[in-house]
Amino acid sequence: MAEEHTEECSGSCEGCAHSDSCGSKPQDMRAPANAQSKIKKVIGVVSGKGGVGKSLVTASLARTMREKGYAVGIMDADITGPSIPKMYGIHEQAMGTQDGIYPCIAKDGTKIMSINLLMEDEEAPVIWRGPVIAGVVTQFWSDVIWGDLDYLFVDMPPGTGDVPLTVFQSLPVDGVIIVTSPQDLVQMIVKKAYNMARQMHIPILGVVENYSYLECPDCGKKINVFGESHIDEIAVDLGVEVLGKMPIDPKIARAVEDEQFYDAENPYLISAAEKIM
Ligand SMILES: Nc1ncnc2c1ncn2[C@@H]1O[C@H](COP(=O)(O)OP(=O)(O)OP(=O)(O)O)[C@@H](O)[C@H]1O
């Protein structure tokens, strides 16, 4: 019979003489990366609720890292609402061999994998149950030939469902960035995302507030379109860093609309990028 841990257990199995036979040892559910992938850091971008600009923040972080000369990939784990390929103007299908699937490469060199790159019709809905969707995300890790990457950003679906759970359990996530917006609900939803990452022992790198303000193009006055920000208080309360406050920026919105995000500049997330490095 497997031995159980004793009162002296520190919680970590490292260095314990009983670690091989202990029945209480946490199960490692990590999926193997593709044999041809060498990824230095995996960063998850999460949000407690939808529509806060998580995909935009993911792509902005990837752009900032590309500008700094790093090899970057984006895994679009938002299977039912994929938006990353379109932002970069990618509408082709990914190619596969018996070794795996090759990500598509954006004009700025960012490697991208998304369910939309595997579908014949990118407008066809994905009507799959949670475990199937979660399985696809694991395949994005095991079957995609990412090659050598400094950073892989994972654009998670909103909330705390099957996919974030699978990503946290199956991928070696080095840390998460929580994206939020300045609304009353925010405190509760940030805490949900925060608590999920904590419970899964994933380091929280900090929070980014999106839609923080709009700068008047005539007088430069900052208008709080979605109300007063509470992000600084929330960050203090949770003991996490505020990594950036992104305004509503028509130039960025245009880059998305024109499907030319590979050219977009985002000066608002420099400290978020530095925190990752
Ligand atoms: N700071 C911003 N300035 C201008 N446009 C923005 C900004 N943030 C997001 N947008 C635009 O708002 C829309 C929604 O953003 P995005 O797709 O990133 O949200 P999301 O949180 O990933 O959504 P979902 O939860 O549905 O996956 C997009 O068209 C995006 O380009």
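The backbone N, Cα and C atoms fix where each Cβ goes, and this holds for glycine too.
If you check TrEMBL, you get these features:
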- Gly48, Lys49, Gly50, Gly51, Val52, Gly53, Lys54, Ser55: ATP binding site (BINDING)
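Everything TrEMBL records as a feature, shown here on the structure.
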| residue | record | contacts (Cβ under 8 Å, 6+ apart) |
| --- | --- | --- |
| Gly48 | ATP binding site | Pro158, Gly159, Thr160, Ile178, Thr180, Met188, Ile189, Val190, Lys191, Lys192, Ala193 |
| Lys49 | ATP binding site | Pro158, Gly159, Leu185, Ile189 |
| Gly50 | ATP binding site | Gly81, Pro158, Gly159 |
| Gly51 | ATP binding site | Pro158 |
| Val52 | ATP binding site | Pro158, Val179, Thr180, Ser181, Asn210, Tyr211 |
| Gly53 | ATP binding site | Val179, Ser181, Asn210, Tyr211, Met246 |
| Lys54 | ATP binding site | Val45, Val46, Ser47, Asp78, Asp155, Met156, Pro158, Val179 |
| Ser55 | ATP binding site | Asp76, Asp78, Ser83, Ile84, Met87, Asp155 |
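In three-state terms derived from DSSP, Val52 (ATP binding site) belongs to neither a helical nor a strand segment and is classed as coil. Screening the binding-site residues Gly48, Val52, Ser55 for a C-beta under 6 A from any atom of ligand 1 leaves Val52, Ser55.
Within 8 Å of the centroid of the Cβ atoms of Gly48, Lys49, Gly50, Gly51, Val52, Gly53, Lys54, Ser55, where the record puts ATP, the same chain has further Cβ atoms from Ser47, Pro158, Val179, Ser181, Asn210.
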